[in-house]
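> Just dropping this structure here.
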Amino acid sequence: MAATQQPRPAWLKNMSAKLASIPMVFTALVIFVGCTLWTVYYSFTNSKLLPNSNFVGLDQYTRLWETNRWLVSVENLVIYGVCSLILSLVLGFLLAALLDQKIRFENTFRSIFLYPFALSFIVTGLVWQWILNPEYGVQHLVRQLGWTSFTFDPLYNADIVIYGILIAGIWQGSGLIMCIMLAGLRGIDSEIWKAARVDGIPTWKTYLWVVIPMMKPVFITALVLIASGIVKVYDLVVAQTSGGPGIASEVPAKYVYDKMFQAQNLGQGFAASTMMLLSVVVILIPWAYLQFGGKRRG
Amino acid sequence: MKMIKTVLAATVALGLSQAVYATELEVTHWWTSGGEAAAVTELAKAFDASGDKWKDGAIAGSGGTARPIIISRIMGGDPMGATQLNHGKQAEELIAAGLLLDLTEVAEKEKWREVIKPVSLLDSCTVNGKVYCAPLNIHSWQWLWLSHKAFADAKVEVPKNWDELVAAAPKLEAAGKVPLAVGQQPWQSAGVFNVMAIAIAGMDSWKAVFVDKKAEVATGAEFAKVFAAADQARKMSAKTNVQDWNQATNLVITGGAGGQIMGDWAQGEFQLANQTAGKDYTCLPGLGVNEVISTGGDAFYFPVVKDKEKTEAQKRLAALMVSQQVQVAFNLKKGSLPVRSDIDLNTANDCMKKGLKILADGKILPDVNQTLTPDTVTQIEDLIVEFWNDQKISPADAQARFAKIISAEK
């Protein structure tokens, strides 16, 4: 059978869809890629308040990695990141699994758990600043109940201040993860549960070895959401401690902001933000490889 | 008929001219504590009374929060009518980029060069012979505020200088007081350090380091003493659990803390709490050791705007700020010193009079913001705040790092 029509070249397929996506592609290229390149370019200059093109090589980076405050910031981000990643996932999944037991008032509980997510980080930070304040908050309350030697003042103790911030972060964020997980759990076919029960597999084992592996895409979605929240953590710290006591709760995003706008040293701020970008890329590339490479194999 | 026409024309002209004259200017500043807000109200009243309209754009938080907002608004093409900035190096690049209004014409008409004392304030506003800002007041950091109540409670004499306060510290602590209140915000501990540097190292060593940037003086014996004193101070202030400076001042007012090292803006808070200098509190300029004050201060800058009428209003506001009656009204409320010496401040209290006398004696130094770039200032801030809160950093280590920052400043 002879072809009555020449097949159209591949790039002409779905013309209207491609046309429609041009503005977005353009935005992505100019805003994201363009501004990123601009930032990286000027991180090699000694720009102060306004960008200039006096190249100083790697000076900004050398200074950055010699600055104690930056090192503390990076360390804090690692602690906050690892803890918040694990705790959010575990807590979110546990809450979702508990809600999934066909309990009463599920809607009410779901709202309660998700509610903190409706608050901004600034409000969350301020609320927890009060709760953790030794003179008014938890410590005061427990002392009034009779335990007069009880001490709980994470925000005023340099060694544990980052955990005080972590508590607030988890409180705010785990509700969302719970919702995503719950949606994932509801997506599991009830036949699978029935089959597991017929085979006599205990519930917890079913969760661990059957349900969780089936929820891989849900976990990846949650992971991306949590990870992007970690890298940009800024307002929570500003509201709770403004980096204190001393520099004990500084984070990289705050370093970037302070250097760019307060110290009027754009070059240094750009160098720091380039390092932040680098850390995201280091995490993003293996993830993208797993995600998209996996599909091709399938 | 002709008569009516003239009347009509006159009315229209009058209406027009009024509309032109009553120009609204948005003024941004970070004066939000009780005493500061009272002082700003004086400015707004004077400006409104002159026929224009003051639109208040207060930004909560310290200068550290407000400055980035102000600068990005100017750079981002959304300039306000006028804005507070500390004069000095902060605005240099904005001036170079042509974003700030040239006030030379106003300065010449109002004879600023003759009336403004010390003239160094005007010099900080001047770049290449052109004036870009209106100095409003003189603020000095070098004050130690002492609470009479706290010392009465601890049964010790009110100290007359820094060493006596250090000696009294154990007794204050025994009475449950914080010997030295220092808020958690970084600029506060950095400020305390600078005050101690001037008071303890002396004027010459301070100048050698902060003006001439000589690293060998920064590593020397005089500054070793400064860091040793800062070490004592951080121990004395370790129990301050407040963030803002006015909360720390409040500890002194209520007798919860023995003293506070804070600029003369703290004066406004004492006044608002109806306290009397000499009776309820004592102020010691230069920590009672070296009676010098630094003459930093607040200045107003006027971003370039397209609207011609606004530009005229900006110039009127600039002239108004330096005028005699505004200088008196504003500074009495603010607790700062006026920028001109030809005015009568009879109603000033003891502390202000002490300040005026030191000023008249010419025992003055430039402010850190005038001699160092913001980059270096924040680096020193970072170092001091780290040192202040981490007892593991020895004074010697901190001094070495301090000297490195100073030598890197070009």
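Each residue, glycine too, has its Cβ placed from N, Cα and C.
Residues or ranges marked as transmembrane segment by TrEMBL: A:21-44, A:77-100, A:112-131, A:160-185, A:206-231, A:270-290. The domain 'ABC transmembrane type-1' annotation in TrEMBL covers A:74-289.
If you look at the structure here, what lies around each of the features I listed?
Among residues of the same chain six or more beyond the transmembrane segment (A:21-44), those with a C-beta under 8 A of the stretch's C-beta atoms are 51, 55-58, 60-61, 266-267, 270-271, 273-274, 277.
Sequence-distant contacts of the transmembrane segment (A:160-185) (same chain, six or more residues past either end, CB-CB distance under 8 Å): 76, 79-80, 83-84, 87-89, 91-93, 95-97, 99-100, 110, 113-117, 119, 121, 124-125, 127-128, 132, 154, 211, 215, 217-219, 221-222, 225-226, 229, 233, 236-237, 240-241, 244-245, 248-249.
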> Give the nonlocal contacts of the transmembrane segment (A:270-290) in its own chain as ranges (CB under 8 Å, at least six residues past its ends).
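Distant Cβ neighbours of the transmembrane segment (A:270-290) are 36, 39-40, 42-43, 47, 60-61, 63-64, 70, 220, 223-224, 227, 231, 252-253, 255-256, 259-260.
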> Below 8 angstroms Cβ to Cβ, which residues of this chain, lying six or more residues outside the transmembrane segment (A:206-231), approach it?
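Cβ under 8 Å, 6 or more out: 77, 80-81, 84-85, 88-89, 92-93, 97, 169, 173, 176-177, 180-181, 183-185, 187-188, 192-193, 196, 252-253, 276, 279-280, 283, 287, 291.
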